[in-house]
Amino acid sequence: MAASTMAISSTAMAGTPIKVGSFGEGRITMRKTVGKPKVAASGSPWYGPDRVKYLGPFSGEPPSYLTGEFPGDYGWDTAGLSADPETFAKNRELEVIHSRWAMLGALGCVFPELLSRNGVKFGEAVWFKAGSQIFSEGGLDYLGNPSLIHAQSILAIWACQVVLMGAVEGYRIAGGPLGEVVDPLYPGGSFDPLGLADDPEAFAELKVKELKNGRLAMFSMFGFFVQAIVTGKGPLENLADHIADPVNNNAWAYATNFVPGN
């Protein structure tokens, strides 16, 4: 068995299915799904040692393990969360996935309220109140139209979400009948029907744009949560109130409501 082993370069063959010759009657198949990203264009301002830093020219020297190899690396890690390579890889995946969910969630929080304020009838357009409509006598009608999806069972909705989301996540990680997945973070193939990742340089820049917008969306969702708790209103209604009376409708004014004695 020792004579049959071979040295495999993870950088040269990352993401490539590898078959190693038979050992007796068995066969070993290995598929490395997470490897180093393709090197971006040398002139890109987002990668490499001369990339944009979190404080621009005042950033100082970044940690040695933040080399500008991955998208969204601004050389800032004061807590040392990326020092361990395995933890870094896990956190990268968590950030990308949470960014995508946050972008979808932020759109889902704002868009129904926007439609409602422009004449589209909803049972409840405010994002943190909409789900409770399923417990009402008439149930929950998507877009206020009973001919689309008329939901009356929270268990049925939960089951549908588990099946649909589980199937997509399973394919993203392990592949499926539509093709193999080389990188579970950027599976491509059926997940990229427009071929946006065909050009490596454009793809490298899109990764950065995705993370920048995703980080903004995560902060936005946090703001929506706080607004819902403090004001009991949706994001657009809060925005309209602030524009109408910025002196009395702002974060500082609401924060003083929680000061002892008020």
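Glycine is treated like the rest: Cβ placed from N, Cα and C.
Trp76 (chlorophyll a 1 binding site) falls outside any helix or strand according to DSSP and counts as coil. Under the heading chlorophyll a 1 binding site, Swiss-Prot lists Trp76, Ser82, Glu95, Arg215, citing similarity to another entry as support.
Feature annotation from Swiss-Prot assigns chlorophyll b 2 binding site to Arg100, Ile149, Leu178; the stated evidence is similarity to another entry. If you draw a 10 Å sphere around the CB of Arg100 (chlorophyll b 2 binding site), it holds 14 other CB atoms from the protein chains shown. Arg100 (chlorophyll b 2 binding site) falls within a helix when secondary structure is assigned with DSSP.
Here Swiss-Prot flags Gln133, Leu143, Glu210 as chlorophyll a 3 binding site. A sphere of 10 angstroms centred on the C-beta of Leu143 (chlorophyll a 3 binding site) encloses 14 other C-beta atoms.
As annotated by Swiss-Prot, chlorophyll a 5 binding site applies to Lys209, Gln227, with the evidence given as similarity to another entry. Within 10 Å of the C-beta atom of Gln227 (chlorophyll a 5 binding site) sit 20 other C-beta atoms, taking all shown protein chains into account.
Taken from Swiss-Prot, the feature N2-acetylarginine covers Arg31, and the record attributes it to similarity to another entry.
The feature transit peptide is assigned by Swiss-Prot to 1-30.
Taken from Swiss-Prot, the feature transmembrane segment applies to 96-116 (among others).
Annotation source Swiss-Prot lists transmembrane segment at 148-168 (among others), citing sequence analysis.
Swiss-Prot lists 216-236 (among others) with the feature transmembrane segment, giving sequence analysis as the kind of evidence.
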Should Ile149 (chlorophyll b 2 binding site) be counted as helix, strand, or coil on the basis of DSSP? coil
Going by C-alpha positions, which of the binding-site residues (Trp76, Gln133, Glu210) is nearest Arg100 (chlorophyll b 2 binding site)? Glu210
Looking only at C-alpha atoms, tell me how far Gln133 (chlorophyll a 3 binding site) is from Lys209 (chlorophyll a 5 binding site), rounded to the nearest Å. 36
Report, as a single number, how many Cβ atoms besides its own are within 10 Å of the Cβ of Ser82 (chlorophyll a 1 binding site). 18
